[in-house]
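Engineer: Checked TrEMBL, it gives:
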| type | residues | note |
| --- | --- | --- |
| TRANSMEM | 33-52 | transmembrane segment |
| TRANSMEM | 59-75 | transmembrane segment |
| TRANSMEM | 81-102 | transmembrane segment |
| TRANSMEM | 107-124 | transmembrane segment |
| TRANSMEM | 144-171 | transmembrane segment |
| TRANSMEM | 202-225 | transmembrane segment |
| TRANSMEM | 237-264 | transmembrane segment |
| TRANSMEM | 276-294 | transmembrane segment |
Amino acid sequence: MILRILTLLLAALVIGCAPLLLDDGQLSLGMEMLVTFVICAMWNVLAGYGGLVSLGHQAWFGIGGYAVFIASNALNVNPLWLLPLAALVPALIALVLTPLLFRLKDAYFAIGSWVLAEVFYILVQRSDALGGITGMPLFTGGMLGASIYAQVFWVAGGLALAVLVLSYLVLRSGFGLGLMSVRDNEVAAASIGVNVRRNRRLVYAVSAAGVGLAGAVYLIPNYFIQPGIAFSADWTVIMTFVVVIGGIGTLEGPILGTLIYFAIRQGVTDGLGLSGSWYLVALGALAVATMLMAPKGLWPILRDRLHLDWLSVRRPWPGRPDRAPHHQAPAE
């Protein structure tokens, strides 16, 4: 526990001091990395711990961004002060739509979530009030001042740390245990009193809220929002890749996956000077190799070989630690 706290404090210190040492370009890249981690962590909570694989999470990314842009322009308020709307609006819409979405199971749910995202994209694209396909500007961008990149970097860093800590605490709670029991066996979970419907609705809404908040943080520094970017399916592709590579169903997986994703992207495009399509080829090759040789992701391999269990949410096996099954570590 002490190691976890010290690591988080060190991360907070680095995030706090980074704007004093980095230029705007580096801060922008750092903000993108933090936002990527947040959306991947939220997708991982939904798919890895809730058993709900969504292929349409870009919907919440775009809705969060548009919610802040619309409110900021209408109220003439600094967009950073309206960030709670980026979480609230997607969460409420998600709660309203879950009765319909949850009629679908497994692959049908995944396809249904993607169709839902496309519906939102088309509605925004065809709305003249929202700028249509060309998008809309952020008229209040001037309120952010010259230190916009430092501000959004701090916000993204705080959001990333909050997501990590809250995910750990929630998944270690009774709700988290119930959520994982639903993932493993819905019928068995219901038979022992777990409210399957409520748990799934809550985790879906929370995941949507986190992705929406990250979307707004990412889009604000651009001073402009377009449906083609805000609702791009690339966001869900990134979420899926990062979590699969890092390790689905682990809190550390999205951290490792995010680092690998940016290492490949920047290494291929900046280091080797190749076009963006080549880094996609490298990502695809790594994804295929990982799924074939390490289907649980890379973090479980590192964890087992190096005996690292930094953010494990596994619970002790009843009875003596030496009676724990081989796949479950004793209590820390």
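Numbers run from 1 along the shown chain.
Every residue gets a Cβ built from N, Cα and C, even glycine.
Since we're looking at a predicted model, the values are computed, not measured.
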Engineer: For the transmembrane segment (59-75), what are the same-chain contacts with Cβ under 8 Å, counting residues 6+ beyond its ends?
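Structural biologist: Sequence-remote neighbours of the transmembrane segment (59-75) are 39, 82-83, 85-90, 93-94, 113, 116-117, 120-121, 124, 130, 136, 138-140, 207-209, 211-216, 218-220, 225, 227, 230-231, 235.
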Engineer: Which bits of the chain, at least 6 residues beyond where the transmembrane segment (81-102) starts or stops, bring a Cβ under 8 A of a Cβ in it?
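Structural biologist: For the transmembrane segment (81-102), the far contacts come to 59-60, 63-65, 67-68, 71-72, 75, 109, 112-113, 116, 155, 197, 200-201, 204-213, 215-217.
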Engineer: Are there residues at least six beyond either end of the transmembrane segment (202-225) with Cβ under 8 Å to its Cβ atoms? List them, or say none.
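Structural biologist: Distant Cβ neighbours of the transmembrane segment (202-225) are 28, 31-32, 35, 38-39, 41-43, 45-46, 49-50, 52, 54, 57, 60-69, 79-80, 83, 85-95, 98, 101, 131, 135-138, 141, 144, 148-149, 152, 155-156, 159, 163, 175, 179, 235.
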Engineer: Short question: which residues 6 or more past the ends of the transmembrane segment (33-52) have a Cβ under 8 Å from it?
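Structural biologist: Distant Cβ neighbours of the transmembrane segment (33-52) are 61, 109, 153, 156-157, 159-160, 163-164, 167, 171, 176, 179-180, 182-184, 199-200, 203-204, 206-207, 210-211, 213-215, 217-218, 235-236, 238-240, 242-243, 246, 248-251, 253-255, 257-258, 261-262.
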